[in-house]
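Lifted from TrEMBL, the feature list:
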{"type": "TRANSMEM", "residues": "40-58", "note": "transmembrane segment"}
{"type": "BINDING", "residues": "Val49", "note": "Na(+) 2 binding site"}
{"type": "TRANSMEM", "residues": "70-91", "note": "transmembrane segment"}
{"type": "TRANSMEM", "residues": "112-139", "note": "transmembrane segment"}
{"type": "DISULFID", "residues": "Cys151-Cys160", "note": "disulfide bond"}
{"type": "TRANSMEM", "residues": "215-235", "note": "transmembrane segment"}
{"type": "TRANSMEM", "residues": "244-264", "note": "transmembrane segment"}
{"type": "TRANSMEM", "residues": "297-314", "note": "transmembrane segment"}
{"type": "TRANSMEM", "residues": "326-351", "note": "transmembrane segment"}
{"type": "TRANSMEM", "residues": "385-406", "note": "transmembrane segment"}
{"type": "TRANSMEM", "residues": "427-450", "note": "transmembrane segment"}
{"type": "TRANSMEM", "residues": "473-496", "note": "transmembrane segment"}
{"type": "TRANSMEM", "residues": "508-533", "note": "transmembrane segment"}
{"type": "COMPBIAS", "residues": "590-604", "note": "compositional bias 'Basic and acidic residues'"}
{"type": "COMPBIAS", "residues": "606-625", "note": "compositional bias 'Polar residues'"}
Amino acid sequence: VALKCGGLLLLCESNGAVPGEPVKKDENSRRGNWGNQIEFVLTSVGYAVGLGNVWRFPYLCYRNGGGAFMLPYFIMLVFCGIPLFFLELSFGQFASLGCLGVWRISPMFKGVGYGMMVVSTYIGIYYNVVICIAFYYFFMSMTNLLPWTYCNNPWNTPDCSGVVGQDGTLNTSLANTTSLVTEVVNRTKRTSPSEEYWKYYVLNISDDIGNFGEVHLPILGCLAISWVVVFLCLFRGVKSSGKVVYFTATFPYVVLTILFIRGITLDGAINGIKYYLTPQWEKVLDAKVWGDAASQIFYSLGCAWGGLITMASYNKFHNNCFRDSIIISITNCATSVYAGFVIFSILGFMAHHLNVPVSEVADHGPGLAFVAYPEALTLLPISPLWSLLFFFMLILLGLGTQFCLLETLVTAIVDEIGTDWIIRHKTIITLSVAIVGFLLGIPLTTRLFLLDFAGHRKYFKDVEMMLGFPPPLFFKICWRFISPTIIAFILVFTVIQYKPITYNDYIYPGWSLAIGFAMALSSVICIPIYAIYKVVRSPGATFRERLKNACRADPNWGPALKEHRTGRYAAMTSEDAVEDCPLKEREELKEELKEEQKERKDDISLTIQGSNGSTTTHNNPNPSA
């Protein structure tokens, strides 16, 4: 609005923008978009790059042939990881909907979306417990002496034998010779102070899975801190989390680089890196190696959890998600390789001082993050500093993934209800999900630690309409043939390789295994249950008609904004498209069509006021002009 005030012409913008500067607006004003594309890329990198890159990949690499493991790993990345990543990003971006709403493309398969929500719920609850333990170790590192350095604590057992002696020097009974070490280990079944700190103080693991024990209050407090941090970073959805990821997604690389530089300057670091990378080419012929490579790629990228669809749904419609999928996937895998250098340089240093093979100090999973690596840090000068850096890195890596897991659930709920009220009060939904997640995570702070263990041608046209170019032929082949085959291989491989779960010498009872199987199947079972429900509720005189209607795309499927509904989606408002709809929806759609046609006529009719007061009406061939 131009106002003449005191002889000056002022331009007043209703949104408070500086005059003369372009005003940044969300393309989808009702749902919102990322502030810019960097925020989306960083968030997706933070989601994909998580704790598994640090504690699982390095272990899998040296266990499965060292450098030789890189061959199947990168083959699986090219033929499975990147195609699936691109598929999910394009799926969410095209419809601007989360993991439930996108199944308007074929409503019978909405159970897949519910399965994604179940998976994200389980992982979100467990993941934040791991983050809270990293918080706990971070706080415990704020001391002159790390509490897992020596064996003179109330929780230690007679079998405890530390790497560092009470006088601060290396324990000679463990470091003189390999034979001495072997003798000590065989005689006493040596356990390290860090292992006993982890098992008997932090977790305080009970002697039976049926014995929950009391809540560990310090861990409970850290769990509350974890959920508060996650909520504060997500209370405005992608508008707030998109700003936080500038730090949470980038600073872990700073810490990794600091630890890498420190690690490679230590004695024995080269031996650790050699052990990590030395190729054992004969293992490439082992099917288990290929199974591990496929599993690591699949789970590391976070495919089929709903997070990728959710994050991409806040992109602008014409964003180049093909480019993004390649950048994010390669960044994720490169981080895994880089983290391996960091981890094994330190473990090589520890093996050098203990005079034992690297394999005897290497571990995986929580054992690497909370036992082996912390023990190695006690050997370094100013060990609390390195411990603070390491656990701060773990916290940031975990938070990057946790943001997306929580946003997946919140977005699915908001999109499914879809009212103006719930969109305006999305913060309340975020808070509610966070509170429920905290309450469900409380049992994991006890002594129990159980959870450780469409038509393709049409969619190709949709991607072309969105990006301006069709998916490359390679991705079409992967989507239709190669990637499904690899996923089926992972499933069969997992079943064949299954072994009963154990924890050290403890064998889990049958009822606990039954609970585990039920949790594993609870996400998959959503698919057939909802499919049956949808077929039964669909109109049709025969089963075939019901099945056809259940698979038919919802009339609202397609780009969220009208200006993007071109091509076959523009025809969705025609009477031909209305006749294809189920009977009970046909009359409603016809009424909507009449209203739209009336609005179009009003837009097309352009009345021009002449200088003589007469009016002339022209038909404008371009309604948007």
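Placement of Cβ uses the backbone N, Cα and C atoms for every residue, glycine included.
Overlay of TrEMBL feature records on the structure.
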| residue | record | CB count, 10 Å |
| --- | --- | --- |
| Val49 | Na(+) 2 binding site | 28 |
| Cys151 | disulfide bond | 21 |
| Cys160 | disulfide bond | 21 |
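Recorded residues Val49 (Na(+) 2 binding site) and Cys160 (disulfide bond) have their alpha carbons 35 Å apart, per Cα-Cα distance.
Nonlocal intrachain contacts for the transmembrane segment (70-91), taken as residues 6+ away from its ends with a CB within less than 8 angstroms of a stretch CB, comprise 61, 102, 284, 289-290, 293-294, 296-298, 301, 303-304, 308-309, 311-312, 315, 321-322, 324-326, 328-330, 333, 337, 462-463, 466-467, 471, 474-475, 478-479, 482-483, 486-487. For the transmembrane segment (508-533), the most Cβ-contacting stretch among 40-58, 244-264, 326-351, 427-450 is 427-450 (pairs under 8 Å).
Long-range contacts of the transmembrane segment (297-314) within the same chain: residues 31-34, 40, 43-44, 47-48, 50, 52-53, 56-57, 73, 76-77, 80-81, 84-85, 88-93, 95-99, 102, 113, 116-117, 119-120, 123, 238, 321, 329, 332-333, 336, 401, 404-405, 407-408, 411-412, 487, 490, each at least 6 residues beyond the stretch ends and with a Cβ under 8 Å from a Cβ of the stretch. Among residues of the same chain six or more beyond the transmembrane segment (326-351), those with a C-beta under 8 A of the stretch's C-beta atoms are 41, 44-45, 48-49, 53-54, 57-58, 61-62, 70, 73-74, 77, 81-82, 85-86, 163, 253, 256, 259-260, 263-264, 266-277, 296-297, 300-301, 357-358, 360-362, 368, 372-373, 375-377, 379. Counting residues 6+ beyond its ends, the transmembrane segment (40-58) has Cβ neighbours under 8 Å at 34, 127, 130, 238, 241-242, 245-246, 248-250, 252, 276, 296, 299-302, 307-308, 311-312, 314-315, 319, 324, 327-329, 331-332, 335-337, 339-340, 343-344, 364-366, 368-369, 393-394, 397-401, 403-404 in the same chain.
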